[in-house]
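Below is one structure; the comments refer to it alone.
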Amino acid sequence: QTQLLGVLLAAASNFLISISLNIQKCSHLRLACQIEPKPYYASKLWWCGITFLGFGEVGNFIAYGFAPVALVAPLGCVSVIGSAFISVLFLKKTMRAADILGGTLTVTGTYLLVTFAPNVPQELTARRVQNYLVSWPFLVYSILEIIIFCILLYFYKRKAVKHIVVLLMMVALLASLTVIAVKAVASMITLSAKGKMQLTYPVFYIMIVLMATSCVFQVKFLNQAMHLYEATAVVPINFVFFTTSAIISGVIFYREFQNAALLSVFMFLFGCLLSFLGVFVIASNKREEHLQIPFIDCGLIPGKKMTGKIQPDSHSSCYGTLNNGDNPVKSQS
């Protein structure tokens, strides 16, 4: 019953997040259509979306206190499929066949995840978290993660490699630490609320610092990826990387698949694969909306490159012509 509560809470929270994102998008579109646009933070609709987002994130946080990491993390797919279907209502988008197929695959995968998820009830006390922190599997995992992260950071900083895989792999490595810390903090708060005080142990505050630090750097690299690449590419890849790293961290740190049957492990992984495939199908063939800016192709004008464009200015007497400061010889070189 406790695990089922965590599942329902995580699913509802992610669905609430998808509603909040669509409300915020709707608010931005309404403000853009106004004659005198106001700042987005002056919109009541935008604040409504932010409130829903806050409730959703808090619900996700609490869900980690009731259910295993390997079960809560993959349920993030609910926000993806929820956003695809809710956008039809809020943003008047057209329902595509890919949305229906992706939603079906994701729902099927989610059912398998919930059915065959690890069911290892354990009371996650502060002392148990301390023991997990100094266990040799986690120490080996931490060393490997630090080495991989340093290599990626070297290519990112020194070699200016900003490929989407490099950025999102760093996000996933940080997210694994975030998930470990969130699970520990949420569980210790839950036990404290039940009367078993855990907030007096130093490990509780160590986990809070780890959670906050990893979140800050995780958001930094994720924002960099969103700035350089389209959301339709970032969202599915980030979901796959985040879920995989969260499951691995749950297996190593919290030993969630200990003594699990081989069939259960296989079906759980198959459910993850279906969820990943469904998210990619939903995100496929979608394009970001951009304002259509008219231009005149300069490919046939002597002295201009094929990629050159002349931006029309209807308020100018030289509409569709080269600016006075343009030098054709310099442009050709």
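Just so it is clear, glycine is given a Cβ too, placed from its N, Cα and C backbone atoms.
What you see is a predicted model, and the numbers here were worked out from it, not measured in a lab.
Features of the protein shown, as given by TrEMBL:
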- 6-24: transmembrane segment (TRANSMEM)
- 45-66: transmembrane segment (TRANSMEM)
- 72-91: transmembrane segment (TRANSMEM)
- 98-118: transmembrane segment (TRANSMEM)
- 138-156: transmembrane segment (TRANSMEM)
- 163-191: transmembrane segment (TRANSMEM)
- 203-222: transmembrane segment (TRANSMEM)
- 234-254: transmembrane segment (TRANSMEM)
- 260-283: transmembrane segment (TRANSMEM)
Segment proximity, the transmembrane segment (98-118) to the transmembrane segment (138-156), 3 or more C-beta pairs under 8 Å: no
Contact between the transmembrane segment (6-24) and the transmembrane segment (203-222) (3 or more Cβ pairs under 8 Å, separation 6+): no
Candidates 72-91, 98-118, 203-222, 260-283; stretch with most C-beta pairs under 8 Å toward the transmembrane segment (163-191): 203-222
